[in-house]
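S.K.: What follows is a single structure, and I will ask about it in a moment.
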Amino acid sequence: MSKQDRITPRTLKGFRDYPPELALPRERIIETARHVYRSFGYAPIDTPALEYLEILTGKGSEETDKQLYRFTDHGSREVGMRFDLTVPLARFAAQYAQQLGLPFKRYHIASVWRGENPQKGRYREFMQADFDTVGSTGVASDIETVVVLHTLLRACGFERFAIRINHRGVLDGVLDKAGLAGRSAPVLRALDKLAKIGPEKVAEDLKQTAEASATQIDAVLQFASLTGENATLLAEIQRLVAGNATGEAGLERLRETLTGVAASQIDPGGEAAVRIDPAIARGLDYYTGLVLETLLTDLPGIGSVASGGRYDNLAGLYTSQSLPGIGASLGVDRLLAAMEELGQTGAARTPADVLIVYFAEDRLADYLRLSATLRAQGIATELYPEPKKLAKQLQYADKRGFRVALIAGPDELARDECQLKHLATSEAISTPLADVVTTVRRLLDSI
RNA sequence: GUGGCUGUAGCUCAGCUGGUUAGAGCGCCGGAUUGUGAUUCCGGAGGUCGGGGGUUCGAGACCCCUCAGCCACCCCA
């Protein structure tokens, strides 16, 4: 093939490749999410990447409709690629409601697609790790959602983050009292931008998109600009929603949620990580109760890495059965981008801990036996594939991020021993072959 | 989708108002060191200047188109 005919290897805008040093921490996030979700009793499901177009359109917001990847398949069906995992859950729950039984708790870790312009932490193909409880309206599920997110972020190695929570009922109450009840969608959308663009621009926005009066704008901004400790906020909000049933109910729910979170003892240091934020509204139309977003303290600009909320009737478009639920979604690839930016991805390019040096060509059987012994005890072990010179193999071990090199040349083998070299400190110790597993394990534990 | 900035070696970047054979640091390969990597010394390889077209005696630089990244709008994970 001539040079001109050759196809340039490249990836589509907004789509990315994951080399080992990225795929390794990415898989770690996925495994952590899976582990945390399962520990709370959520069961895995999976659904197709492609759905009938009618399943997907008109569900998230008009924006998601615009971003939908859609096409006609080979059988002339109008189809679309899922843009989140919540809509497929709604379809799934409606379709199998009879067999599933309620409440139904599921997690779903999979890729979704949105045709929007990419930025850092914002891709056209990205993975979400969702967990939801369908069929329960109790506050316990609200509490659990916050607790799961907190546990998950901690398990991913984050200490500095804030789960910001709010309640749509409170928002509705405030809007109702201000006489803006019918215009909640544009108002909430404007509110959502408060932290980013400031009160003046939000006011302008409210005036234009929601045709709000000066008094109305004032009422909304006064609410959204509230800051302080959760207890203070609860009291302030109480004042603002007083006399409005929806608002008071929402506030009470928010209070119960915070009390429950405290009882869950996820945050022994206090309430710092879970905070009421009156400006959190969420653009998605289907939320009706608790709404939440998670921001990383050291990288707020990348946006929410995990968010969600309560929806009272997600499956209403597919079934007459009422299927309320609550859940949240971890943005796996956004969190990964944040970790990259913060230098938290690590440098390892191998999942194995031990590299066995292929030292003497005629001792391959010994090396294979040693490899098998270590692996049988759960120690990930790679045997170098060729009897190249020692320096080469050690260099390889170092570059890939192995922690221990096992060296067994003719001298060591003659004494039924091997050498274990700790790559980071360059310390080497000798150990009898019979003890190799315990010694390696001790070495790895000490690192 | 709209607008702005950017795109030079594997990586980070330099390259003055267009002027000979496009540079640096790091990395990579080889050797000093045929049983010990990451340090030191010596040598070496590596560039369609994102891609295509145009202006010009001459383009990495200027113009147009295109692809990609980043940022903003919008929206969100």
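First residue shown is number 1, and so on along the chain.
Even glycines carry a Cβ here, placed using N, Cα and C.
Below, the features straight out of TrEMBL:
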- A:Asp84, A:Leu85, A:Thr86, A:Arg114, A:Gln128, A:Asp132, A:Arg282, A:Tyr286, A:Tyr287: L-histidine binding site (BINDING)
- A:1-351: domain 'Aminoacyl-transfer RNA synthetases class-II family profile' (DOMAIN)
S.K.: Once near-sequence residues are set aside, which residues in the chain of A:Thr86 (L-histidine binding site), 6 or more away, have Cβ atoms under 8 Å from its Cβ?
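M.R.: Correct list: A:Asp130, A:Asp132, A:Tyr286, A:Tyr311, A:Leu314, A:Gly327, A:Ser329.
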S.K.: Listed L-histidine-binding residues A:Asp84, A:Leu85, A:Thr86, A:Arg114, A:Gln128, A:Asp132, A:Arg282, A:Tyr286, A:Tyr287 - what's their greatest C-alpha to C-alpha distance in Å?
M.R.: 21
S.K.: Which chain-mates of A:Arg282 (L-histidine binding site) that are at least 6 residues away have a CB under 8 A from its CB, listed by sequence?
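M.R.: Non-local contacts for A:Arg282 (L-histidine binding site): A:Leu188, A:Asp192, A:Val291, A:Glu293, A:Ser307, A:Gly309.
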S.K.: According to DSSP, collapsed to three classes, what secondary structure does A:Thr86 (L-histidine binding site) have?
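M.R.: Its secondary structure by DSSP: helix.
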S.K.: Return the count of C-beta atoms lying within 10 angstroms of the C-beta of A:Tyr287 (L-histidine binding site), excluding that atom itself.
M.R.: 24
S.K.: Rank the binding-site residues A:Asp84, A:Gln128 by how many other Cβ atoms lie within 10 Å of each Cβ and give me the one with the fewest.
M.R.: A:Asp84
